[in-house]
Amino acid sequence: MQLNKLMLGFMLCASALADDGQQAAEPHTSANFCKIDKDQQVGSTCDITFHELNEINEQIRPQLARLVKTDFFRYFKLDLYKECPFWSDNNGYCVNRACAVDVVDDWESVPDIWQPEVLGGLDEDSVKSEGGESDECSFLNELCGRRREFARPEPLSIDYCDVTDFTNKDSVLVDLVANPERFTGYGGEQSAQIWSAIYKENCFTLGEQGFCLAKDVFYRLISGLHASIATHLSNDYLDTKTGKWGPNLELFMARVGNHPDRVANIYFNFAVVAKALWKIQPYLERVEFCNVYDTNVKDMISNVVSRLDSRVFNEDLLFQDDISMRMKDDFRRRFKNVTKIMDCVHCDRCRMWGKVQTTGYATSLKILFEMDAGDEKARQRVVDKLTKYELIGLFNTFDRISKSVNAINNFERMYHSQMETNTSSIAAFFQNNFFRLGFTETEDQETSNATADMPLPEDSASDNEPYFADLKIPARRSKKQTKEESTSALQQELQGVYHALQFIWNSYVNLPRNLLILVLDVANTWFNNFIGVPTQINILGDDASD
């Protein structure tokens, strides 16, 4: 029963967020963009409305955007060339320049806290005798590589991502601000394989009823991540005609906006990450952020986290003490696999941001699932196991999901503006969603692109609905032709064949004459050079004689 209560809480919130109905032909109002009523309460476990979440995001957005650009939060470490652990496809790469990542090479431009001697330095005080843990995996009170002697807890298997990636000898330091997440053109069969593998991780082995609920929760987290990435790339899209980056409303509506459940899952993920940050707020106040950056960074973190509302999630209903350990272990293992699947992405920039965001969601799940509300020592133990890269990933992921929510509201304004200026054509476009016309369900799944380019899978609740139920396919022109039209078309084709054969025949007939002219011209040039007559003078003489 407790297991059911755990995941039922998630489902109540997620179900209230999602609207699985078909795309209606009725005009959208300002309170019903993408068929979501913003004044609707999210649910019994999420005592907050969409409108209130938008207000929270408006309050924290400017400060959060500045926070992730500070010296501490703008750098991340990962292995861009780690082999894919799931299939043997490690030689592929994206040839587009937009896929590349500019790694940190000029160390003089990097703050002291990110210098190699701080990142990779080891000494007796900074190495744990049992595990040999370096400063890069030090705890929150050692974020700047400071050496302190204190009793560390025994290692716990509570990680939802592979933290060893941060200490890999082949890992490189990247500046997230210098490598923004935007449309790269990466897609096709390989990217579809990536997302297919990610969604297939949502296959829990145990047959308990609670795992059906866990499957839905897992799906909404991944769907929210996928929809958020699609929103980012739609919001920062390269217009090949103007050469400028900007929002692409049509792409957003095709990938996200015409699917209310995807929009809802973005808000769902916003709530998950926001609650995780709110939950560790008391511990963040005791974190030291490196000398001159300490006060400024702490103030910005406080300004962001203090505005979060505890009503966004009621974890007392979601995370009980007697959660089935088998379910939680399976959930943890599968989400860790999701972070590892990112090593299979051929686009370096897509891989980088995929790693950052899956690390952020993994950190959120660790905080929400593993921090026991009734045990202060257990909570402190979980916080002590957080690495600085998990904290960096957590805040950058919150910035990404916050930017998605902000972009959704911006796309809403663009949507209504176009509806007012050209109601008939724009309305028909958004209702019909012609990007998917002419595709069968199988073709759509096989040829869809990843990140922004691959349409997200529909919610399982709508599997039994007609796939094109929301489309109004225009009547096709009859393919029957009259006898006169057929005769005319045949004559045109025969005439084209005749001219082609005539051209080939004339080429062969004129070949000897053309070869003779070529030989004489070369011989004339050679002879003039032999007798000492410059070619240039000879040409001038010919011109003069004319």
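Just so it is clear, glycine is given a Cβ too, placed from its N, Cα and C backbone atoms.
Some features that Swiss-Prot has for this protein:
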{"type": "DISULFID", "residues": "Cys84-Cys344", "note": "disulfide bond"}
{"type": "DISULFID", "residues": "Cys94-Cys99", "note": "disulfide bond"}
{"type": "DISULFID", "residues": "Cys137-Cys161", "note": "disulfide bond"}
{"type": "DISULFID", "residues": "Cys144-Cys290", "note": "disulfide bond"}
{"type": "BINDING", "residues": "Arg182, Thr184, Trp195, Ser223, His226, Arg255", "note": "FAD binding site"}
{"type": "CARBOHYD", "residues": "Asn337", "note": "N-linked glycosylation site"}
{"type": "DISULFID", "residues": "Cys347-Cys350", "note": "disulfide bond"}
{"type": "ACT_SITE", "residues": "Cys347", "note": "active site, nucleophile"}
{"type": "CARBOHYD", "residues": "Asn422", "note": "N-linked glycosylation site"}
{"type": "CARBOHYD", "residues": "Asn449", "note": "N-linked glycosylation site"}
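Residue with the densest Cβ environment among the disulfide-bonded residues Cys84, Cys94, Cys161: Cys161, by other Cβ atoms within 10 Å. Pairwise Cα distances among Arg182, Thr184, Trp195, Ser223, His226, Arg255, the recorded FAD-binding residues, top out at 20 Å. Here the candidates are the binding-site residues Arg182, Trp195, Ser223, His226, Arg255. The one whose C-alpha lies nearest to that of Cys350 (disulfide bond) is Arg182.
Straight-line distance linking the Cα atoms of Cys99 (disulfide bond) and Cys84 (disulfide bond), rounded to a whole number, equals 18 Å.
Of all the binding-site residues listed here (Arg182, His226, Arg255), it is Arg182 whose C-beta has the fewest other C-beta atoms within 10 angstroms. Classification of Ser223 (FAD binding site) by DSSP places it within a helix.
Around Asn337 (N-linked glycosylation site), the same-chain residues six or more apart in sequence whose CB sits under 8 Å from its CB are Glu201, listed in sequence order.
Ranking the disulfide-bonded residues Cys99, Cys344, Cys347 by other CB atoms within 10 A of the CB puts Cys99 at the bottom. Arg255 (FAD binding site) has Cys347 as its nearest neighbour among the disulfide-bonded residues Cys84, Cys94, Cys161, Cys344, Cys347, going by CA to CA distance. A separation of roughly 14 Å, to the nearest angstrom, links the Cα atoms of Cys84 (disulfide bond) and Trp195 (FAD binding site).
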